[in-house]
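Participant: Below is the structure I would like to discuss, written out as structure tokens.
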Amino acid sequence: MEKLTDLNYTLSVITLMNDTLHTIMEDPGMAYFPYIASVLTVLFTLHKASLPTMKIALKTSRCSYKVIKYCIVSIFNTLLKLAGYKEQITTKDEIEKQMDRVVKEMRRQLEMIDKLTTREIEQVELLKRIYDMLIATSVDKIDTTQEFNQKHFKTLNEWAEGENPYKPREVTASL
């Protein structure tokens, strides 16, 4: 355990790896050497970091399968990011969470559409009732005998109530 946390040990292993790579590939024109060295360094670091982390996680956690799965997925996602990929590996739990979120949002939108549709139907019914109230009846049904000015055509005896409605009245106000 002391060697895992010892920085000098880790640095000496990295130096040893670099020296070994330099001796294997003595060609100074090797264009891929920095990439190979960085990949090996990342793999070594992941090896040194992941094993103790998994051991501690397994000892402290009660659901070891989920922790191991999460660690492995995290390691692969890190490797994919280092390789330049934008895609990531997701677990079934994350997919189920995303699906639940999508289904919940769809239900919310369906409820909103249902409310809006109900309101629109109510508005259409209200407009229909208003239209029915405002619709004009045909000319054949309207009694137009009282519509024209009867002052010139009827005499006092012919008025329906007995007096001319167009005759001005005298109004006296009390003081």
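Cβ from N, Cα, C; glycine included.
From Swiss-Prot, here are the annotated features:
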- 1-28: topological domain 'Lumenal' (TOPO_DOM)
- Asn8: N-linked glycosylation site (CARBOHYD)
- Asn18: N-linked glycosylation site (CARBOHYD)
- 29-51: transmembrane segment (TRANSMEM)
- 52-175: topological domain 'Cytoplasmic' (TOPO_DOM)
- Glu120, Gln123: Ca(2+) binding site (BINDING)
Participant: Considering every residue in the topological domain 'Lumenal' (1-28), what is the mean pLDDT value?
Facilitator: 64
Participant: Please work out which residue of Asn18, Gln123 has the most C-beta neighbours within 10 angstroms of its C-beta, and give that one of the recorded positions.
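Facilitator: Counting every other Cβ within 10 Å of each candidate, the maximum falls on Asn18.
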Participant: By the DSSP assignment reduced to helix, strand and coil, which category contains Gln123 (Ca(2+) binding site)?
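Facilitator: It is helical.
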Participant: Measure the Cβ-based neighbour count of Glu120 (Ca(2+) binding site), defined as the other Cβ atoms within 10 Å of its Cβ.
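Facilitator: Within a 10 Å radius of the Cβ of Glu120 (Ca(2+) binding site) lie 10 other Cβ atoms.
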Participant: If you measure Glu120 (Ca(2+) binding site) to Asn18 (N-linked glycosylation site) at Cα, how many Å is it?
Facilitator: 74
